[in-house]
Amino acid sequence: MAAQDVLSQTTRLASSSALLQVLFRLVTFGLNAFTLRYLSRELIGVVNVRLTLLYSTVVFLAREAFRRACLSGSTKRNWTKTINLLWLTVPLGVFWSIFLGLVWLHLLEVPDPSVVPHYQAGVVAFGLSAIIELLGEPFWVLAQAHLFVRLKVIAESLSVVSKCVLTVILVVLYPQWGLYIFSLAQLLYVSVLVMCYVIYFVMFLGSPEATKKSFPVARMKALLPNLVEDETFVNWKEAWLTWSFFKQSFLKQILTEGERYVMTFLNVLNFGDQGVYDIVNNLGSLVARFIFLPIEESFYVFFAKVLERGKNVKEQKQDDVAMAANVLELLLKLVLLIGLTITVFGYAYSQLALDIYGGSMLSSGTGPDLLRCYSLYVLFLAINGVTECFTFALMCKEEVDRYNFVMLALSFTFLCISYFLTHWYGSVGFILANCFNMGIRIAHSIHYIYDYFKASTYRPLTGLLPSPFLVLVYIISGVITGFSEVFFCCDKGWMVRLVHISVGALCFAATIVTMFCTETKLIHFVRSQFLSRYMKKGT
């Protein structure tokens with residue numbers, strides 16, 4: 001597939017993912033806000049920190065390395081061997097689920113049954129849900145590798161909405177069920193997710209569309225483990241690359257979920273404080289999930305397809321290098337400006353957002369300070385997502401192995417810093433430690449990108465340098481909205497709050513207009529790649 005075609009389909013995937021996620025997540029956002037009024041902080045803390053950490057750890061350790069290895073390179077490969085390799089995620093998931101489930105049941109503090117009932121059932125259900133989700137891994141990788149635009153987003157959105165609707169119904173009708181509610185909702189979520197992929201491929205395989213696309217799999221039986229005559233069961237090159245990524249994924253999981261591990265294993269916060277932290281964390285990460293994650297996942301595929309892993313810039317096709325450099329520069333500029341906007345306006349509107357979303361339970365105490373710090377963290381998340389997606393798409397096995405040592409040192413440092421900062425600053429310390437963690441990872445990725453392109457004439461890192469005039473507008477907007485919060489928010493009634501909102505809207509409009517005037521190259525990229533298909537539909 002030509003590089004331009006890959007870029008077109010990748011941006012289509014990213015924009016569709018972002019827009020559809022916004023649509024479906026708005027529904028779940030409202031349902032979650034409603035549910036918060038019926039639950040205790042302690043129950044939220046156990047579900048969203050303790051049990052969700054069990055589920056995410058099992059899933060991440062079982063599949064992340066396989067995803068990165070099997071999405072690298074061309075789609076023209078022996079897919080039978082790749083599918084065989086992907087099915088190994090299931091027994092790996094069973095092992096991690098049993099091992100970690102025993103740790104969660106017997107080594108960690110068990111919550112008070114009168115406050116959080118049915119904890120043991122919750123551990124079993126969340127561990128089982130991880131195994132069920134891994135059954136759909138071969139389908140997910142095939143869909144992602146072949147850039148199936150809507151399947152991933154619709155499957156995830158339907159499963160999330162189903163989970164939220166069931167949660168709301170059970171919370172209202174049977175609040176005494178405790179963790180049974182969230183256990184059933186979690187099992188429904190993964191079941192719907194896997195069934196969406198299975199149903200799609202049952203309908204797609206053997207269809208005229210699949211034949212037209214020369215899809216490498218012809219029937220559902222080929223998606224099960226199969227022996228290859230006179231050949232090995234798996235592609236050993238992919239298997240060794242998977243092992244390298246597995247060592248890295250273990251460390252990356254500690255860095256990604258580090259604060260939850262510190263909360264869970266070191267008991268630095270009680271379950272109630274964990275609940276507030278997690279709600280604020282989820283609220284603050286909305287933009288990361290809606291926009292940054294689809295961009296990172298989609299453009300990892302783009303860079304992995306356009307440039308060959310392990311080859312330096314002179315050994316690549318120069319037309320592809322030029323396109324990759326241009327796309328990387330503009331992606332960096334795009335996420336940087338989104339991150340700066342969240343940081344500047346998030347500071348002055350954190351308390352108002354929390355009061356609207358969860359009432360005084362969130363807007364009083366440490367909640368507003370948490371969300372303000374998270375607004376800064378979003379900027380780090382934005383830059384790290386794009387720089388790492390390029391770096392991981394190009395690293396050879398030896399470079400991945402070397403990076404594992406960097407991640408090991410960083411994991412240990414991060415956990416230590418998290419522990420001490422939490423003792424000094426409370427839950428805000430977790431976000432400060434995450435900023436430090438992301439800063440180091442960004443520095444490593446920037447160093448890799450600089451070394452990769454230094455032998456060429458391309459300088460994609462200039463995407464991290466916004467227009468000076470735009471920076472000035474950001475500073476002025478931050479000062480004005482900061483004073484507006486002091487005078488108009490948030491305990492003086494809704495009329496005064498509307499004044500505060502209006503001030504922010506005017507500053508935001510001025511920022512957007514300045515962006516259109518100073519970042520013309522970026523605006524053209526967004527219009528031509530992300531928005532063109534929607535503009536064509538409207539004409």
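Just so you know, glycine gets a Cβ as well, placed from its N, Cα and C.
Feature annotation from TrEMBL assigns transmembrane segment to 12-31 (among others).
Long-range contacts of the transmembrane segment (43-62) within the same chain, counting only residues at least 6 positions beyond its ends with a Cβ under 8 Å from a Cβ of the stretch, are 36, 89-90, 92-93, 96-97, 100-101, 104, 108, 111, 115-116, 119, 122-123, 126-127, 129-131, 133-134, 178-179, 182, 186, 246, 249-250, 253, 256-257, 260-261, 263-264, 270-279, 282. What TrEMBL records for 43-62 (among others) is transmembrane segment.
Marked as transmembrane segment by TrEMBL: 83-107 (among others).
Same-chain residues lying 6 or more positions outside the transmembrane segment (119-141) and placing a CB less than 8 Å from one of its CB atoms are 46-47, 51-52, 54-55, 58-59, 62-63, 66-67, 70-71, 82-83, 86-87, 89-90, 93-94, 96-98, 100-101, 104-105, 110-111, 113, 152, 179-180, 182-184, 186-187, 189-191, 193-194, 197-198, 200-201, 223. Feature annotation from TrEMBL assigns transmembrane segment to 119-141 (among others).
Look at TrEMBL and you will find 153-174 (among others) tagged as transmembrane segment.
Sequence-distant contacts of the transmembrane segment (180-205), counting only residues of its own chain at least 6 positions beyond either end whose CB sits under 8 Å from a CB of the stretch, comprise 47, 51, 55, 118, 121-122, 124-126, 128-130, 132-133, 135-136, 139-140, 142-143, 148, 151, 154-156, 158-160, 162-164, 166-167, 170-171, 174, 215, 217-220, 223. The transmembrane segment feature in TrEMBL is assigned to 180-205 (among others).
Annotated transmembrane segment per TrEMBL: 330-354 (among others), in sequence order.
According to TrEMBL, the transmembrane segment annotation covers 374-396 (among others).
If you look up TrEMBL, you'll see 403-422 (among others) marked as transmembrane segment. Long-range contacts of the transmembrane segment (403-422) within its own chain (CB-CB distance under 8 A, at least 6 residues past either end) are made by residues 244, 247-248, 251-252, 254-255, 258-259, 261-262, 266, 268-269, 395, 428-430, 432-433, 436-437, 440-441, 444.
Using a Cβ-Cβ cut-off under 8 Å and counting only residues 6 or more beyond its ends in the same chain, the transmembrane segment (428-449) has close neighbours at 255, 258-259, 262-263, 277, 328, 366, 369-370, 373-374, 376-377, 380-381, 383-384, 387-388, 390-391, 394-395, 403, 406, 410, 414, 417-418, 420-422, 460-461, 464. Annotation source TrEMBL lists transmembrane segment at 428-449 (among others).
Residues or ranges marked as transmembrane segment by TrEMBL: 469-488 (among others). Long-range Cβ contacts of the transmembrane segment (469-488) within its own chain (Cβ-Cβ under 8 Å, at least 6 residues beyond either end) map to 337, 340-341, 344-345, 347-349, 351-352, 496-497, 499-500, 503-504, 507-508, 510-511, 514-515, 518-519.
The annotation transmembrane segment is assigned in TrEMBL to 494-517 (among others).
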Practice item. Test the contact criterion for the transmembrane segment (330-354) and the transmembrane segment (83-107): 3 or more CB pairs under 8 Å, pairs 6 or more apart in sequence, then answer yes or no. Key: no
Exercise for review: Report, as numbers and ranges, which residues of the same chain sit near the transmembrane segment (374-396): CB under 8 Å and 6 or more residues beyond its ends.
Suggested key: 68, 72, 280-281, 284-285, 287-288, 292-293, 295-297, 299-300, 303-304, 307, 309-310, 328, 331-332, 335-336, 338-340, 342-343, 345-347, 350, 403, 431, 434-435, 438-439, 441-442, 444-446, 448-449, 452, 464
Study note, to complete from the structure: Outside the transmembrane segment (83-107), at least 6 residues beyond either end, the same-chain residues with a Cβ under 8 Å of its Cβ set are 50-51, 54, 57-59, 61-63, 66, 69-70, 120, 123-124, 127-128, 130-131, 134-135, 137-138, 141-142, 217, 222-226, 228, 233-235, 238-239, 242
